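Quick look at what Swiss-Prot annotates:
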type    : residues                : note
BINDING : 125, 146, 157, 158, 305 : L-asparagine binding site
BINDING : 155, 157, 287           : Fe cation binding site
BINDING : 301                     : 2-oxoglutarate binding site
């Protein structure tokens with residue numbers, strides 16, 4: 001395993017060789033400088049989709065294989081992607097910052113998203129930007145979200161949402177100068193064999209509620225209790241946010257405690273370096289972040305994030321004009 005990761009070894013760790021890295025950089029620069037519009041525009045995404053097909057065949061095969069089977073860890077790291085580290089401005093310090101203008105990072109993220117499915121975003125979250133900054137923000141150190149710097153608990157991205165992302169992509173533009181900040185991932189495929197029978201039974205039962213963040217302002221009745229495990233009993237999907245999922249029975253509470261303990265025991269920590277892209281299978285893998293101490297001097301850790309939906313059609317009722325941004329509620333007929 002690469003020196004900047006800790007925990008159980010992943011079989012999905014791809015380093016681009018020099019020729020592949022140079023080709024991807026050439027394609028990304030061309031997209032960033034020649035595509036019409038901005039990364040949030042449909043024509044820019046279409047240009048990214050077309051550009052994806054020019055990527056090295058071996059890299060496209062690697063990602064196609066990951067899309068079909070994300071493996072026992074439910075995550076892959078691509079190393080050696082272009083991010084223009086020397087040309088980066090200071091790390092943003094503003095809550096809700098996003099990448100609206102064309103950039104090398106936006107090109108890499110949206111091309112990769114088109115290779116896995118379609119990019120997607122949620123209007124109540126960072127105003128629906130397809131490429132979002134993940135940076136520490138002064139005064140939000142204890143926040144359980146991407147702007148914080150305290151320990152971020154394990155969660156599926158937007159676990160409360162019917163159309164939560166299938167994949168979460170995090171591209172490192174600038175590493176944490178202290179070396180402490182790390183993406184943590186834990187996969188249900190590692191955890192399931194370790195759980196007691198009683199905990200497994202409880203996790204399959206509709207005894208959990210997961211609240212949305214206040215920004216979504218969802219109306220209507222409170223969501224009915226739902227299970228944490230979904231789908232096939234031998235290879236289930238996972239729907240949980242340890243900061244927002246509440247048990248409605250005592251056995252559910254005990255099951256969450258055991259689940260969290262095994263997440264911690266099996267977690268892989270990825271201390272991403274510039275040009276490294278982590279892709280998390282949000283269906284089977286939770287993610288979080290280690291604690292770190294920001295400097296707020298322009299050199300702090302800077303990731304950019306894009307969500308991927310593998311079946312964009314399913315969310316059509318929530319996407320005005322058949323775009324890539326989901327609103328807070330279905331559109332009226």
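Glycine is no exception: its Cβ is also placed from the backbone N, Cα and C atoms.
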Neighbours of 125, 146, 157, 158, 305 excl. site residues, C-beta within 8 Å of centre, L-asparagine: 122, 132, 165, 168, 307
Farthest-apart CA atoms of 125, 146, 157, 158, 305, residues recorded for L-asparagine, distance in Å: 14
Candidates 125, 146, 287 (binding-site residues) - the one closest to the residue listed as '2-oxoglutarate binding site' by CA: 146
